[in-house]
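These features come from TrEMBL:
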ACT_SITE  Asp84  active site, proton acceptor
SITE      Arg14  site 'Important for substrate specificity'
SITE      Thr85  site 'Important for substrate specificity'
SITE      Gln167  site 'Important for substrate specificity'
Amino acid sequence: MKQINMYLASQSPRRRELLTQIGVEFSVLSVEVEEQQQVGELAPDYVSRLARDKAQAGVAALIKLNATQVSMNTAADNLVLGADTIVVYAGQVLEKPVDEADSIRMLSLLSGHEHEVMTAVALADNTRCWVELVTTQVQFREISRPEMHDYWRTGEPSDKAGSYAIQGFAGKFVRHLSGSYSAVVGLPLMQTEQLIQAFKAEQNK
């Protein structure tokens with residue numbers, strides 16, 4: 001069995017922690033992709049595309065690095081994981097809030113209602129890219145306006161899709177969850193592990 005080098009194309013500390021949690025050894029790649037939903041693009045397609053773009057951007061970065069530092073044949077032994085998470089309410093994608101007013105707007109939509117959290121995981125090498133999409137249903141209790149303002153002041157929602165982090169203070173807003181908790185945090189652990197093992201098995205054939 002040949003050695004396969006795993007890379008995470010993400011700066012998210014949550015994804016790093018989750019991948020470490022299931023015993024995966026990896027290096028972190030910094031990649032930049034445009035995160036803009038296209039006109040008419042459905043939420044599942046959007047989040048899947050972003051995960052795929054991140055993984056493939058990581059592969060491209062490694063190939064460029066290999067061309068200058070090591071032999072190109074090692075590129076086939078690199079595996080890059082990209083992931084993205086979005087919050088969807090009534091078909092509307094809720095991105096990261098731009099300011100406090102935007103955060104209050106999003107939390108007001110989610111308050112007392114059920115929404116979807118979609119996380120896509122992509123694995124890529126220099127010839128293939130596989131994508132797995134996991135959707136989790138989350139229901140919030142009613143959230144008062146003072147609670148929303150207090151939550152914003154914690155600093156937690158400013159860089160989170162949908163303006164909340166389920167693993168943080170916002171955990172107290174959750175009435176019910178159906179699906180993968182870790183996917184809401186940023187990486188569906190069971191599906192990610194299965195995807196990695198399946199991809200490695202194909203690489204070792």
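Glycine is treated like the rest: Cβ placed from N, Cα and C.
Note that TrEMBL annotation is computational and uncurated.
Locations of recorded TrEMBL features on the structure.
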| residue | record | contacts (Cβ under 8 Å, 6+ apart) |
| --- | --- | --- |
| Arg14 | site 'Important for substrate specificity' | Gln167, Val185, Gly186, Leu187 |
| Asp84 | active site, proton acceptor | Glu35, Val47, Leu50, Ala51, Lys54, Thr119, Ala120 |
| Thr85 | site 'Important for substrate specificity' | Val47, Val117, Met118, Thr119, Ala161, Ala183, Val184, Gly186 |
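Residue density at Gln167 (site 'Important for substrate specificity'): 16 other Cβ atoms are found within 10 A of its Cβ, drawing on all protein chains shown. A helical conformation is recorded for Arg14 (site 'Important for substrate specificity') in the three-state DSSP classification.
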